[in-house]
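Per TrEMBL, the features are:
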DOMAIN    103-170  domain 'Cation-transporting P-type ATPase N-terminal'
DOMAIN    220-320  domain 'P-type ATPase A'
DOMAIN    833-1002  domain 'Cation-transporting P-type ATPase C-terminal'
TRANSMEM  147-175  transmembrane segment
TRANSMEM  187-206  transmembrane segment
TRANSMEM  340-361  transmembrane segment
TRANSMEM  387-413  transmembrane segment
TRANSMEM  813-831  transmembrane segment
TRANSMEM  837-857  transmembrane segment
TRANSMEM  950-968  transmembrane segment
TRANSMEM  980-1000  transmembrane segment
Amino acid sequence: MVRATDQIATRVQEDRPVSKMHKRRWRLAITAIYFTRVLNSLSKKILNKTGPLLRTLSYVTIDVHRLKDNSSREKMASYFNVDPKAFSDMVRDKNFVSLSQIGGVKDIASILRTDVRDGINGGETDLIQRKIVFGENTYRNPPAKGFLSFLFAAFKDTTIIILLVCAVLSLTFGIKQHGWRDGWYEGGSIILAVIMVVSVSAGSNFRQSRQFDKLSEKSSDIRVEVVRNGRRRPISIFEVVVGDIVYLKIGDRIPADGLFLEGHSLEVDESSMTGEIDLIEIYERSPFMLSGAKVTDGFGFMLVTSVGMNTAWGRMISSTNRDLKEETPLQARLSNLSSCIGKVGFVVAALVLAVLLIRYFTGNTKDDRGNREFIGTKTMSDDVMNAVVGMIAAAVIIIVVAIPEGLPLALTLTLAYSMKRMMADHALVRKLSACETMGSATTICTDKTGTLTLNEMEVTEFWLGKEALRDYTSFDMASNVLKLLHQAVGLNTGGMIYKPHSASIPEISGSPTEKAILSWAVFSLAMDIEEVKHNYETINVEAFNSLKKKSGVLVKENGEKTIHTHWKGAAEMILASCSTYYDRAGMQKTIGDEERLQLGTIIKNMAAKSLRCIAFAHKEMAEADGQVLEKLEENGLTFLGLVGLKDPCRLEVKTAVESCRAAGVNIKMITGDNVHTARAIAIECGILNVDENLDHESVVEGVHFRHYSPEERMEKINKILVMARSTPFDKLLMVECLKQKGHVVAVTGDGTNDAPALKEADIGLSMGIQGTEVAKESSDIVILDDNFTSVETALRWGRSVYSNIQKFIQFQLTVNAAALIINFAVAIASGKVPLTAVQLLWVNLIMDTLGALALATEKPTNDLMEKPPVGRSEPLITIIMWRNLSAQALYQVTIVLILHFKGVSIFGVDKKVNSTLIFNTFVLFQVFNEFNARKLEKKNIFTGLLTNKMFLAIIGITIVIQVIMVESLKSFANTQRLDWGQWGACIGLAALSWPIGWLVKSIPVSIKNR
């Protein structure tokens, strides 16, 4: 074995960065372990010799040397007698020669110190050693963009560059005219203001980018099942190590490179790795399994040979650098809106610049002393250039203020905030667009098991033939029937029982259905699964199929020539394949029409009690001429028994269903259970109302639905509330019909075959616990707790995203409209703009970044679920928003213009103080209007205010900075200090926006125009 391994070469991957202390400890530990094993090996060789023992000294001196840095990993690799890179190359290249040289899969397992049945030891020391030698199951992602990248990107904006050029020119002329001490204020203030605005914006974008990266990392942390120390347990994909035995089933993604150990009907799709669309069958002669591939059929166990960057998947993603940025539909609409507003701002800025230049060069402007600024050739060229630069800067700043760059930022903020909070509410968003689209959902098609129910199965009834065994035990039935039931449960299962010793309580793993049936067989029928499996050889397995809704196994008893076929699945489908049944005494009886009707009635009555009915059937055959049968018989079976599994509804589901229906969202249940179980659960969950006329159009079976004509389906689709005995194709067909009807459809799914419906739906919702990796990768949102209440929560957050964006749009357009009108009107009337460059930049910061932070982080409220869904084609700016912003903008324009033209006489102040009053009042307008923007329709704008700490913090920061700018930064902001009366006047004028908003919201708007 060692010689075969040595032929591979002892190449070792490059050292990962490890701390010096960590290296030092491992060197000492490895040295001790290495020499201990060497001495142990030598002693065994001597003891195994047949000759006499050699006499030697009573002591031995051993010179122990520290391992050098470059040899630590190599020594540990030799400790495992394996070259990690050789194993990686062998599996990736599917090299049968290397595999045969080593001796096969089981010999590799031996080299890796893995028990093919019980897996690795799984102790902390064992896991650490494997990670040190073979690496961890993580991938190196491209380095994330740093803060400086975002800062540089922000400075590349054209308007910012023009503004900085103007500021530099202003700074140059100012210093030339007035010297360093007084000449730097205007240009320097603009530069500092620009740096502050850009830095805050870049910092916000950087923070949201990091948030998205964290959520992306979370979405890639999937759960896999491994066998360690004889126990099957779920672990994170990042914790998988070389030597692990991984259990794989339909829908799983292979977590690492490895080799097939055992299994049945295992097929994988390697298209993501190789580009080949053909499915690859995995068995003993084709054992190579690549990470990233998906299991499409069967089940099996895989021995992990390479992890992380040593796998085929790791090497592929390390050589690619994809940009996963996506533009959501709402982002596209906001970009168009920003473009339109920016064009209007550009036109206004151009007109203002033209007016300013004309008035200046015609001698219609005066300086602070009342003298004409331009007097022809008598005016110095530096003065002319400085004046022109100032006008250009003013025009550019108008463009900066007009362009609502805060709209994309607000959407990014609210998406990041919503995604983070949805994660806390058990909903992991995989695609950004799902956050928005979920708010427009009109129909939710939901599964039953695990979503509406607890997914905690328990066998509550057992029927043997036509007789119910109430307090059943293994002594209540004939021995031949008991033996067959042990086979039916123990051999035809995807579950596992772990029992370290006879006195311990068995630990049962598997799906909830499998766990319930295994638990019933172990505790009620005294089944010993190890004994059952030891006595029978499995010939063929047919995994559970969502179309046939059953699974089967073909087995042969050791030392016998009898072949047994066992089926387990949906009771009515199993019954349809049976011609005989066993009674309590173990006698086989024929199933006639009357018996079939009686058994069907039993199934119907059990289903009416919300029980999932699972039946067992059996057929016994003899080998034909020594040839072993490989096909499972499906007809002429003997009905073994029937169990009823109770899966209680979640207590909170009925409230969530009622909330969705009140919000105008239809709930449809799609389940594989029979029609009676489906109806009972739907009534219990509130999807069906017993007081309503529950005609046959409300509840249909999948077979009937798929056989409707297209016209019939389109006619009945809105009336259907429950579809029973459905297949994944039926679910896909329903989604397609609903979308053709104009519905925005959200659909839940957990199986591999649900992937087409999840992709077709507007919002695909996969299950985080029971869902397969194929289903998760096909979905937009992963419901981490498999609970329908989390679906309702996602609906709330989706509506909240849209609502928050509308709030910010109303707030920003109010500022935009007021600023543009004021600057244009004042420029025409007086040849100057009322606010300086620095003041306008501060307004821009309030309007964009700070406003986005304040309004984009509002939590969803109950009133969002009292409105109908928002159509995808409805305008972003509604009539209600136009009503609100028009009133506020008109009020702001009126007050500012009055202050500009009459403020000096009204307050009895000079022009500088009056300019400060205008600036202070305009800023406070925006502060008070942020409160108005919190509620688009409700008159009480303070509801839930104390729960939004971010909003309160932003308001507080804005007020503090405004006070500092007015009272302390006079040269920087070009302001004068105000007395208490003047502050009171500014606050009073701004506060009037609250009663104005209250009165405006009393103006009725028709529901159609909302």
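Cβ coordinates come from backbone N, Cα and C, glycine included.
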Checklist entry - What stretch, picked from 340-361, 813-831, 837-857, has the most CB pairs under 8 A with the transmembrane segment (187-206)? => result 837-857
Checklist outcome for this item: Whole-number mean pLDDT, the domain 'Cation-transporting P-type ATPase C-terminal' (833-1002), equals 89
Checklist outcome for this item: Across the domain 'Cation-transporting P-type ATPase N-terminal' (103-170), DSSP yields 40 helix, 3 strand, 25 coil
Item to check | Intrachain residues whose Cβ lies under 8 Å of the transmembrane segment (950-968), provided they are six or more past its termini | outcome: 842, 846, 850-851, 853-855, 857-858, 916, 919-920, 923-924, 927, 930, 934, 975, 977-978
